[in-house]
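Asker: Here's a structure for you.
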Amino acid sequence: MSSDVSQYTIGGVKIMFPCKAYPSQLAMMNAIVKGLNNRQHCLLESPTGSGKSLALLCSALSWQQSLYEKSLLKSSCEKEDREPAASLPCRCVCHSRSESSEATAGASHGAACSNNYETGGSVKHGDQLSDTECKENNTLASKLSAKKRASACGNECDDFQVERKRIRPLETEQQVRKRHCFSKEVQLVDALEVYNQRKNGELIVHSEKSVKNTSPQTLFSSCTECSCSSGKETRKDSGNTKKKANGDQTFIPKIFFGTRTHKQIAQITRELKRTAYSGVPMTILSSRDYTCIHPVVSSSNSNRNELCVELLEGKHGKSCLYYHGVHKLSEHYALQSAHNTYQAWDIEDLVSLGKKLRACPYFAARELMVGADIVFCPYNYLLDPQIRESMEINLKGQVVILDEAHNIEDSAREAVSYSVTESQLNAAREELDFMVNNNIRQKDHEQLRAMCCSLTNWLRESSSQLVETGYETSCKVWSGKEMLNHFHDMGITNISFPILQKHLSAVLEKEEKISMFGKEELVEIPIVSSATQIVLKGLFMVLLYLFKDNSRFADDYRVALQQTYAWTNDNQPDVSDTSAFFTKTKHKRNLRHKTVVHMLNFWCLNPAVAFSDLNDVRTVVLTSGTLSPMDSFSSELGVKFSIQLEANHVIRNSQVWVGTIGTGPNGRKLCATFQHTETFEFQDEVGALLLSVCQKVGQGILCFLPSYKLLDKLKDRWIHTGLWRNLELVKTVIAEPQGGAKSDFDELLKIYYDAIKFKGEKDGALLIAVCRGKVSEGLDFCDENARAVITIGIPFPNVKDLQVELKRKYNDQHKTTRGLLPGSQWYEIQAYRALNQALGRCIRHRSDWGALILVDDRFRNNPNKYITGLSKWIRQQVQHHENFGSALESLHAFAERNQKGIDFSSQCSNEVFHVPLNSKEPSSASQQEATIHLSPDVPVKSEEQSFVPETHLTTTINSINPGPSNQPGGQKVDVESCSHNGIQRRKHMDSTPRRPANKTEKKSDRTNSDFMKEHCCFKPLTSTPLPVATNCVSTASSKQRKNVNSASELIGGVNQCQSSFTLEHKPSIPESHLETTNFSVKSTEAPVAEEHLDEQKLQIEPCSELPSVGGRPELSVLEISAEDEDESLYFTPELYDDAESEEQEMRPLDPDENQIECGKPTVADDLFVISTSKTLSEPKEMINDDGRNTSLHGTMLSDISKNSTVNIEKMTNGEEAEQVESQEVDTKKRKISLSRSRNKGVSPFLLDSTST
């Protein structure tokens, strides 16, 4: 964990953050804390790479820790209220038996202290003590107790007792667990017996019930003459704040953190290790595929769950040795916080420790869930009712965080859907028939067999009613209510279904009590196979939702009976004589025949059915980098998300190139509809486009296609035309396989990464993948692994898919009654979510860069329809290119700047954001994107993650008048850190390389990049200007006399001046002290310069009204003096939204408009405080409503005036008088112009200041 920890106070919760937070992280933490406090649900979108995982972990865990602190404080107050009533010492037998024990000493200490505090008569009472108590006073324990009592009562507080009360139960429980684990009964018990007891609820290891039963208080007989035993139990319960003893006030919710895959869990736990909360008790729930270490089970390719159960049952005479050692792993010091050595761990850490201790990681992780504060798991563990039941997950009153939740709707529907084939039903019926015929729980199995027989008979009868829907496919669909009528005919009703559930529970019991010779003994009973159990449990799960709440969800289901054909191979053995004369031919040995497959599908079309089980959850937080469009979540899930947020990305606009391309290199239109993708012209044009991009962009490139079918078509076509070979000459080409083993896919990824890492003759690699495939979900392609992402077309779901068709009709049917989106709109949203997920593979962290290329003519022709579905940070920067040539030229210039090793510092000194070649003037949207809007009185204290403030000296230029930047300052800056601002050369920046250094710059051996590094690391960021160096002045003056003809030459002089300034005024204070002063500056072109854009010559205007060198400069443009500000900084999340409209940017901020976006619920009504030990001294009045730092502008003009004054002294008297007169006129004009342009949206306070 980083030593530079920042502390923020949000909603009354102190959050320890491992570094200074991004604005998007502050907004997320504020939203989460508000949702947790108010029991509201949150829907938060934050782009990948913006640090949303850290924000989720720190905010949720800090809120949980605050509840522990409140509970501890409350228990200490309750103890102080209770102790005066227990002033008389206890006279029971249990106390007299342990006179000198620590418990007795503590009780006498508490009584004496209470008497002294309440009545003040403890001395008199001490004279009347009995002989036994007088004898006790002579012991060592009594002397120590007296010292403690004197210390506690002298301070008139109960700190010592509170601390002792909090520690003692933990030590006692730990000793009890050790005695319990190393007792002979536990060591010698059979694995089958332990497993059965746990299934029956007779043995619950480390649960609240078992801890209570094995507590020291229950080891002795309770005393009935006094309330000592109840007092002990009360103290014990108060120590365990997780128990719901006094209602919701003492119940501390667990945090269930769900992600999509196990690999994402590993990424989350790595982030947890960075935080101050890495010591919280945790566990990771996962499948046996990841955690089983048994050599036989783990090496098997079959169902590991079945093999594990067989070992636990000891069917083959062998038991699982690793299961016996679960307690050794769950109580190991590396996983327990009692030893203060606890750290966050990953599945790999648990597995390696389990192998070392020969203990089962799978069951150990489940045991650790009892005492864990945060539980990580794939989120289908929380949505699937069968998995929740098997893992014993209780979500009532808990906090559920679902990361990467863009597919949560599909996952919720799949969790409560079920499909079974006719052959599976027949196999289950035959096995149940076998149980009945052998008199094995005959009554129970008969009822289940009758249900399966009725269902198979109905399936056969219905198969004759199927309607052909395609080639060799036919189906028939029933609604849920219609299917209930059929179940009623089978004898399955809402009355008989609970009886069937009891029969199912009975047949799954592996043991049964049987009376033999007058004694009851447990006898093992055979049960049905795992395959039959899966069939029965799946059917009963669907029936449960169909009958639930008086068939409330029946209309949300569709039952589809599908008939398809499958080809099977009959590998018949060779039948030949010894001479092999009559051997069968090869084609006759491998016979293939077509078989009919009937599939019965119970499809849930409403994800709210699965989420109905989460109604008792305290707070649900859904977050992802690609939640957009966000309109469907509330209606689809049936959950009211009171808090919604679309956060901005943390990268600069110059780090990403986003463009749409509608034509190929040969000028053919590219529209990836089904009709066009079938033509050779489209396939060849896409191939030529892909080859051109690979030649211009180095390193790794990802290309996403809508479907595997199109991928196969393109690959076959390109191999036939030779284009595939041309691609392989440039890059290593890899195509994503459909299906296959995980190991094969991992091997292909390794080839891709190695081709980029170890460069040879080829420049990187090209990975052609499919949206919604393996590559587009959960994989991290950072830095050179994905310098460009190309998407071909829009990945709409298959319109001919029966489930998609039924879902669209379902939404159209209920769009008015339930507020669902229309079917067509839902259909489009599914496409954009998949597209955004594919685009999110690029730009994975703050310093990353890459290009996003959207190939389809529909984006340019109808942007209002097709662009609005993209993520917020992408749609704000989309540029439409008329032809492929201009797009490729702009893309090549973008890649050249970054691939040549030009760091962001020197790059950002010449540009603010990317504008393509066909853009003549920066648009209003682009100007909005170049800024982060701040409140006029809210200075931002930024961090190591934040942007770097503008550090260049600003000059007044006739043709360009750049305004100061508003980027927050004061953070640490590394080589990759840079500012947003500087003189903007938008028109030719993307197409022409950087101009060489001018003569002034060549005089120095140091580059502008070196100057920037030194300047950012050592120059104190302050609003008070420092004296300008002499060489800096001479440089500026020489620049003025030369009639500068280009902006680049002027920038060189300013950089040289700046470097000299930095070298002479390098501070001697530590770097940490240089981070304390922040100011905000904005780098957009001021409107006042528009009338001078046609002028060719640039010259520096001296300002005669500013003081000369050596004098104390004052703020001349807006005469406002800087004021010291309180250390606490206040934020609201909407301040960090840099996608506001131009009207909102130019008008004053309205308090009623403090919403995140477009009328959505407010994220932050309450301001949250950032507490820091660093001293802040920021002029509150320096920032206008539009984000311009007028104070800094005046400061920079002061520095320029010093240079100008030296130049004026060298002139003749006539020239000097003429120059000064010219300066005065220009300054007055400029002040008038500034008043027109900068007072737009200025607060009344600033307007009053300027008028003075």
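Each Cβ is built from the backbone N, Cα and C atoms, and glycine gets one as well.
Below are the features listed in Swiss-Prot for this protein:
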- 11-452: domain 'Helicase ATP-binding' (DOMAIN)
- 164-181: motif 'Nuclear localization signal' (MOTIF)
- A191, L192, E193, V194, Y195, N196, Q197, R198: ATP binding site (BINDING)
- C292, C308, C320, C360: [4Fe-4S] cluster binding site (BINDING)
- 403-406: motif 'DEAH box' (MOTIF)
- 919-1008: region 'Disordered' (REGION)
- 920-930: compositional bias 'Polar residues' (COMPBIAS)
- 952-969: compositional bias 'Polar residues' (COMPBIAS)
- 989-1008: compositional bias 'Basic and acidic residues' (COMPBIAS)
- 1212-1252: region 'Disordered' (REGION)
- 1215-1224: compositional bias 'Acidic residues' (COMPBIAS)
- 1228-1239: compositional bias 'Basic residues' (COMPBIAS)
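Walk me through where these features lie, including what they touch and how far apart they are.
Answerer: Confidence annotation: the domain 'Helicase ATP-binding' (11-452) carries a mean pLDDT of 70 in the model.
DSSP assigns C360 ([4Fe-4S] cluster binding site) to coil in the three-state reduction, placing it in neither a helix nor a strand.
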Asker: I need the neighbours of the [4Fe-4S] cluster site defined by C292, C308, C320, C360. Which other residues of that chain put their C-beta within 8 angstroms of the C-beta centroid, in sequence order?
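Answerer: Apart from C292, C308, C320, C360, the close residues are R288, I293, H294, V297, L311, L312, Y322, Y323, Y362, F363.
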Asker: Test of understanding: give the count of other CB atoms lying within 10 angstroms of the CB of C360 ([4Fe-4S] cluster binding site).
Answerer: 27
Asker: Around C308 ([4Fe-4S] cluster binding site), which residues of its chain at least 6 apart sit with Cβ under 8 Å of its Cβ?
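Answerer: Counting only residues 6 or more apart in sequence, the Cβ neighbours of C308 ([4Fe-4S] cluster binding site) under 8 Å are R288, C292, H294, V297, C320, Y362.
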Asker: Quick check on the motif 'DEAH box' (403-406): DSSP residue counts for helix, strand, coil, in that order please.
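Answerer: Reading the DSSP string over the motif 'DEAH box' (403-406) gives 2 helix, 1 strand, 1 coil.
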Asker: Taking the Cβ of C320 ([4Fe-4S] cluster binding site) as the centre, count every other Cβ atom within 10 Å, in any protein chain shown.
Answerer: 23
